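Per TrEMBL, the features are as follows:
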ACT_SITE  Ser188  active site
ACT_SITE  Asp346  active site
ACT_SITE  His376  active site
DOMAIN    106-264  domain 'Alpha/beta hydrolase fold-3'
DOMAIN    319-379  domain 'Alpha/beta hydrolase fold-3'
Amino acid sequence: MRLRLAGAVLLAAAAYYVYLPLPKGVCEPWKLMLLDALFRSFMKASDVAHSMGMCHRLHLLNQVVSWLEVIDARSSPTLHVTDFALGGVPTRVFQPKGGEKPKRGVIYFHGGGWALGSGRMRSYDLLCRKMAEDLDAVVMSVDYRLAPEAVFPDQYHDALAASRAFLSSEVLERYGIDPQRVCVSGDSAGGNLAAAVAQELSSDDTLAVKFKAQALVYPVLQALDFYTPSYQQNHAVPILYRPYMARFWLEYLGADRSLEPLLLANNHSSLDQPAIGASTRSKLDWTALLPSERRKHFRPVLKETGSPGVMGVVPGLVDVRAAPLLAEQEVLGRTPKAYVMTCEFDVLRDDGLMYVTRLQDAGVSVTSDHYEDGFHGCMVFAFLPMMSHVGQRSMDNYIRWLDQNL
């Protein structure tokens, strides 16, 4: 009887920890709850280790990721899979055996808040394998440097160096890639890097080869407004909570974590910030850039006075290489046709939707692929053991777009 009682208590405690009220409409909510409980546990353990001086919180998280997810490069009957340096940056290459030549080419940047993850993770390995097989394309998954050792612009420079090498005649010829059919892509923080790279290289007239397409999967594109409708609506929706995104930005920009409350209050983008002019504000004015069905009943949060010194301490907040949504219209107009995936239950939803509008206003052909039941990170959960229906649908549609547009 005591054993049963203890078991019942433990089960109830576990259920209490796992259960989280989620908005109606989220795809397979119990799977998301389980995933979130696991992620929260790792985050709390890393915070404890950090506070005890054992290691940096990000080091422990990445150790867990490596232990659970990182796998060796293994070829298959249909693919050569190898690890090599692309422009000096570690990269995993997925090269189809046989088939037509020359082949399409995709360079991919993984997500993880510029601080976590790897292209060698099982989830990204499986995604890139499927892309390479379904598209009969050479896919290169880049392992750019991560925070805290690397901070902006290191990750951006790695992505840029790898992309320049990818577009070089040497690499294109070595892997039999058609220079007219190349794409830059990434998810979350990787989508940020892909957008920034697309902007930079589309404006570089010295390049003989340029990207034909950019495919951005729930990208993070700005850090000036933490009160967009999607940040307000989804502030407590896993797996990317609103405070987590502020922390990732501060880690990426090499800023002190004590600034987190200022960002979450929008004190860093108050009207008394001389570094943020009217032109900059117009580029993320969601009252004009979002459709009414996404604005809903939410109201802007714009402070008259805030913390004027923040921009001097963290200038990356208004650097277009870190925040591609702030790019000038002429720059956006030179970028290639785009695919932008967004999810309803994601704090970053409006970053992507505003970018869709800004690209369209600049004359770029854009496919906006929105998932009403999607959540942040869903596409990489298209495989077991955390396979989700929205993950499978989003991955299939993403690959289908690449097939039709590359």
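Just so you know, glycine gets a Cβ as well, placed from its N, Cα and C.
Since we're looking at a predicted model, the values are computed, not measured.
The number of other CB atoms found within 10 A of the CB of His376 (active site), across every protein chain shown, is 26. Within the model, the domain 'Alpha/beta hydrolase fold-3' (319-379) shows a mean pLDDT value of 98, rounded to a whole number. Within the same chain, the residues at least 6 positions away from Ser188 (active site) whose Cβ sits under 8 Å from its Cβ are Gly111, Gly112, Gly113, Val217, Tyr218, Pro219, Val220, Leu240, Leu348, His376, Gly377, listed in sequence order. Other Cβ atoms within 10 Å of the Cβ of Asp346 (active site), summed over all protein chains shown, number 27.
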